[in-house]
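> Quick one: the structure is below, and I'll ask about it shortly.
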Amino acid sequence: MTKANKRIIFLIDMQSFYASIEKAANPALRDQPIVVAGDPERRSGVVLAACPIAKTYGVVTAEALWQAQQKCRRLVVVRPRMETYIHISMQITQIFESFTDKVEPYSIDEQFLDVTGSVHLFGDVYQMAAQIRQRVWLETGINCRVGIGENKVLAKMACDNFAKKQEAGVFWLKKEELEETLWKLPIEKLFGVGSRMKRHFHRMGVYQIGQLARLSPAVLTQRWGVNGEVLWRTAHGLDDSPVSLRTYDTQKGIGHHMTLPRDYHTAAEIKVVLLELCEEVARRARSKELMGSVVSVGCRGADLDAANGFGRQLKLEEQTNDATTLYEAVCCLFDRHWQGTPVRSVGVNLGQLVPDNVLQLNLFTDNHRRRSLAHAMDGIRSKYGPDAILRATSLLGAGQARERARKIGGHYK
Amino acid sequence: MIEPEESGKEQQEQEMDLIRRFILFGILFRVVMVDMDSTHQVVLKLTYDSIFQELSRWAERQHHAIRRLLRQRGCYVVRSQKQGHAYVVQYRQRGYLREAIYSIEILRAECQELIRLWVSGYQQGEKAK
């Protein structure tokens, strides 16, 4: 039996999600090494998912497609179908909701479940996990792994560090056993520690999670502020956040980012893409009935290194969700900070959001008219598709709007 | 029949699999007949109706055999219908109303696998003769 004050949280992760869907949908692919990757003709061809067979050849997620093909000559490349993946992800959420009402999608292929109140209906914790795995397998053809913990962070680390590496696919990471399990792992296995943070810790002589856990939280707070304390709490398996659909309700910013198919060299070309991004940001802000007063622009070069680009922000005179106003501010930032270097990646973000139910009247521009026009355009786009109405500049060679309309999150629908 | 030592968990897992196979064969025997009608719209040199009918009969026999097995275990399919991109099946399992949500794309792929199974079984029968 579980103690009354302890929660039981599952983090369920789908194995090679996109590749598993493609294999389930096409039996001819089941015994072959496959990767789901962007269009190989374009520079955006990176591996989004590799099946376990492809992984045995050393193919890894996020590497360039040509590199993956060099590792495995008989690699089958499947183009992504993002709409299908989203539908299957929602179907899996529905399956989970028949086990508990507390389901929180964490990403397209990972979901948190709080099963504290319903575990007794399905036997014990392990039986419930097995039933969930069986149902997902039979109904979607996807193998999933279950990490179990008394909070979200333990469940996540149980899944990533243990469940994924075991045949059984289920692991319960208990707080009282952390010293024998989690603390023995290298520091980079801690949730929240990436390659840069790992280097910092190595410089401090911290190589294992256990060493971090034994440090004073004050040492970490002094160095990294609140993030340091969060890392210390993570190492000790402390996390009070609830499993809730409302976790992401508070939106701080609305942004869009695009990796371009080639280097853009001239300001005119880059501004075409910036305008398209402003349109998308403004449209999303309007759909959420929000306006923002801080706009930020980011540009990076071909190696996508931050040092070869810039990221700057500007406070607007008044809140807006109008694409033209946004574009003027974006151009101002771009003209001021762009050094003339080739650009491969651009992004626009609108921050400091407030509800858009108040309109600041302006003597010199007809804001009401602009807003009506924007809403009319939104109506056309939502009815006939995002490329139903475009700016003329999007028809230039540099324009990406028509290509983007065929994609979700930068990958083909 | 259910072995006495068979645990409740194993039994439930088997029944989930049986329900899935029941649905697959049910879809297959109907779809094959629909496809046979579609071939009638095209002018062909020969008629392939006997192949379609044989496949459909085989699927229907399997479908009914699994239904009998399910009834012996106290399982009944209450309702099945397409809902968007999924095929939702509600079934009663010894009093409990349960639900299975299948991806239509996966059902189509599995039906294709059953046809392959039927063809290979047919070919093996030929070789034995």
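Any Cβ shown, glycine's included, is placed from N, Cα and C.
All TrEMBL annotations are machine predictions without curation.
Just so it is clear, the model here is predicted, and its values are computed rather than measured.
So TrEMBL says this about it:
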type	residues	note
ACT_SITE	A:Glu110	active site
BINDING	A:Asp13, A:Asp109	Mg(2+) binding site
DOMAIN	A:9-194	domain 'UmuC'
SITE	A:Tyr18	site 'Substrate discrimination'
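I'd like these features described in context: how deep, what's nearby, how far apart.
In the three-state DSSP assignment, the secondary structure recorded for A:Glu110 (active site) is strand. Within its own chain, A:Glu110 (active site) has A:Leu11, A:Ile12, A:Asp13, A:Met14, A:Cys159 as residues 6 or more apart in sequence whose C-beta sits under 8 angstroms from its own.
Take the CB of A:Asp109 (Mg(2+) binding site) and look out to 10 A: across all protein chains shown you find 22 other CB atoms.
Annotation for A:Tyr18 (site 'Substrate discrimination'): same-chain Cβ neighbours under 8 Å, separated by at least 6 residues, are A:Val36, A:Leu48, A:Ala49, A:Pro80, A:Tyr85.
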> Could you tally the C-beta atoms, other than its own, that fall within 10 angstroms of the C-beta of A:Asp13 (Mg(2+) binding site)?
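Summing over all protein chains shown, A:Asp13 (Mg(2+) binding site) has 20 other Cβ atoms within 10 Å.
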